[in-house]
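Take a look at the structure below.
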Amino acid sequence: MAAASATDGVAATALRSVIQRIEHAAERCGRRSDQVRLVAVSKTKPVSLVKQVYDAGQRCFGENYVKELIEKAPQLPDDIEWHFIGNLQSNKVKPLLTGVPNLAMVETVDDEKIANQLDRVAGNIGRKPLKVFIQVNTSGEESKSGVEPDGCLELVKHVTSNCPNLEFCGLMTIGMPDYTSTPENFKTLARCRSEVCEALGISEDQCDLSMGMSGDFELAVEMGSTNVRVGSTIFGAREYPTKQSN
């Protein structure tokens, strides 16, 4: 128990450090820190460790694997706002939405098929509209999911016009592993937002930008991110064995 407590204490301390770094990054670019949502990425981490970060004040958590999230969610407080941030297959939509009533957001809508399936299931189970981000492949890497930047607006229009059970909330991207390249990725996402907002007739503060992870979240905040996804910096790099299947 002593060893577990020490690990848990480290995670809580790391959470506070990340929050402070977000605050400082926001200050550097003249923004308020409350304009940035921190998503603590808890994939592969045990429920006990997630609970300690929750007890330290964190309420928004991100998971990559449907099966893992379905197993974790019932073991944790129901006021957690879960974000699904992994690649989502159509046949996993119903288990995800029915298994996680407090699912707050799917950040990885990258084509009309998955949007339609999310809309259909959300309507069938009678839940409130599901918040979604459109994932954009800003790096051009074949290994990355996401709609191409020039197809972003079309997909956003599909969601806003044809998916009444989805609430379009913004755009998401995963930067390149080489963080010297991420500024261009982030600039591309910002340009996509400008195009989307102009076409929809909404202000840019009505369209979130989910960009920035453990290695580049401060840069992302300085470049306008309103949603950062931080995992290893909070929980540590160690991966705990879990049964994973998307």
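Numbers here mean position along the shown chain, with the first residue as 1.
Each Cβ is built from the backbone N, Cα and C atoms, and glycine gets one as well.
A mean pLDDT of 96 is what the model gives for the domain 'Alanine racemase N-terminal' (20-238). The domain 'Alanine racemase N-terminal' feature in TrEMBL is assigned to 20-238.
Annotated N6-(pyridoxal phosphate)lysine per TrEMBL: Lys43, in sequence order. A simple way to gauge crowding: the CB of Lys43 (N6-(pyridoxal phosphate)lysine) has 20 other CB atoms within 10 angstroms, across all the protein chains here.
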